[in-house]
Amino acid sequence: MARASLSRGLLWISLFASVFFLPARSFYLPGVAPEDFHTGDELKVKVNKLTSTKTQLPYSFYSLPLCRPGKIVDSTENLGEVLRGDRIENSPYVFKMREPQMCKIVCHTKLNDKTTKAFKEKIDDEYRVNMILDNLPLVVPIPRLDQENSVVYQQGFHVGLKGQYAGSKDQKHFIHNHLSFTVKYHKDVQTDSARIVGFEVKPYSVKHEYEGEWKGENTRLTTCDPHAKRAVTSSETPQEVADKQDIIFTYDVEFKESDVKWASRWDTYLLMADDQIHWFSIVNSLMIVLFLSGMVAMIMLRTLYRDISKYNQLETQEEAQEETGWKLVHGDVFRPPSNSDLLCVYVGTGVQFLGMLLVTMIFAVLGFLSPSNRGGLMTAMLLLFVFMGLFAGYAATRLFKMFKGTEWKKIALKTAFMFPASVFVVFFILNALIWGEKSSGAVPFGTMFALVFLWFGISVPLVFVGAYLGFKKPAIEDPVKTNKIPRQIPEQAWYMNPAFSILIGGILPFGAVFIELFFILTSIWLHQFYYIFGFLFIVFAILIVTCAEITVVLCYFQLCSEDYLWWWRSYLTAGSSALYLFLYAAFYFFTKLEITKPVSGILYFGYMLIGSYGFFVLTGTIGFYACFWFTRLIYSSVKID
């Protein structure tokens, strides 16, 4: 398992290399190249995990006593798929291209206490069955109430449903044992071959009956019969889940020609139910933030220009007997902060995070990480984070050397371990909880070993290489000299209190992304596709600009009030947006999700804690560098004796 995971990692590295060095027209992503089928060609349906938005715990398809093929074969999966809990296996559902089938018997099973309980639990938790045909996920078309002749697609079909018989108040469980598949294809007129462009299902619960003895697949059912052209069109006589019940699993398959071309086959899947709100929200957020950015930039430029002109004018007139404002602290502004080692480590980690997200989004915008490439996004992010260790080490030691530090190896070690180790500990605890629930979402030992190898074998050495290169460079010179004796900071106004200004600073960056955050959380926790990477890239750019601007403004006010302790404050000002992100995640949990199991709640908050921690490191670093650039700029612009 570990060897397979590592080989998949190497495959991805070669994939990235091919993206950069091969011409675009000769490049196909694995699993995304089109496949042509002729009439009568075998179509193999694969099964994926069972998923539930109520529990967030995926399970293998065959964890339920559903129909099995003669031999279960696992499909090869990339690192991202394993971490997502995907378990792709073969199934007994086999179609022939453009050859419709009616009421095909798959298998016959008799329930006992154990299997009845298993089915009832999955029906109670609203588990969905996921299948794949030609790399397309199975969807259930649901008519939209607000628009005529329009449908939305939900991934997978429910294992079953709960209901009552007419005239009874007792709640019963019913299983979806008849599947009516529709395979949509786009026909090539010249070659008569076809490409699959849609895979839909309508599930039914039917208590099948038959005459005479059971003859396996050749048994003639009375409830649906291909000879008599009697098809299943409703669930009027549903199949109840109860002890000692016989359940016969059947399916129909219908083939429909479609005008949708293969290259556009994902478009229907990616149509969101509230797409208009999504577009309006993004544009609205963009306009507000651009307006704020314009105002902030104008105020900063005008105020600073006036300050610098005034200070320089005073110097020329030799009237600067009593300095006021930010110039007054020029002898202390570049004094190294307390816990400077820790600041260097966090800045280095933030650079690593920023680099990873930037490159991932460029790949995503170019279409290399489309939803058809399952697990690709997570695999790319993991590998990029590992390789960005080079920049983390470089940034951390460059800053460390500026603070007159000498033990660069200690900083490199902390940078390589502090953030990944804390995330790994939380991840390991959450994985133990998932494993305790016997879920397929639990990361296998081999994959865990592969992750540790990526960390220790690639990331840590790269951090040290980057740290060595950064420390070899000459130290960054301060634009002004630092006094030997620290200046006393005067008493600050209530609104310049560190805690207050830090919390205020995080509101604007969070406000820039929270609408997009809603759609990201929905795609993760409600199992919907997220695909608008172009907009996400714009929002990411807005986030960077907003973090930088709000930190610079608050840093300016802080220096004007003669408080020169800006190093940590600049990091925490932008980083505090992560607190709002976590609070919003809690709000989303209680208002949008129906999670009832304690384990599922712990998983949600555990993963959101990791996400918020990453967001803190990212935004904090952006704020820090903005303030760092700003202070160097203004203090190098005025004449100082």
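Backbone N, Cα and C define each Cβ position, glycine as well.
Positions annotated as signal peptide by TrEMBL: 1-26. Positions annotated as transmembrane segment by TrEMBL: 279-301, 343-369, 375-396, 417-436, 448-471, 502-526, 532-559, 571-590, 602-630.
Listed as Cβ neighbours of the transmembrane segment (448-471) (distance under 8 Å, sequence separation of 6 or more from its ends, same chain) are residues 2, 5-6, 9, 79, 348, 382-383, 385-387, 389-398, 400-401, 408-409, 411-412, 415-417, 420, 424, 431. For the transmembrane segment (417-436), the partner stretch with the most Cβ pairs below 8 Å, chosen from 502-526, 532-559, 602-630, is 602-630.
The stretch in closest packing with the transmembrane segment (502-526), judged by the count of Cβ pairs under 8 Å and taken from 343-369, 375-396, 532-559, 571-590, 602-630, is 571-590. Sequence-distant neighbours of the transmembrane segment (602-630) (same chain, 6+ residues past either end, Cβ-Cβ under 8 Å): 56-57, 343, 346-347, 349-351, 353-354, 357, 419, 422-423, 426-427, 429-430, 433-434, 505-506, 509, 525, 543-544, 547-552, 555-556, 566-567, 570-575, 577-579, 581-582, 585-586, 589, 593, 595. When each of the listed stretches 343-369, 375-396, 571-590 is scored by C-beta pairs under 8 angstroms to the transmembrane segment (532-559), 343-369 comes out highest.
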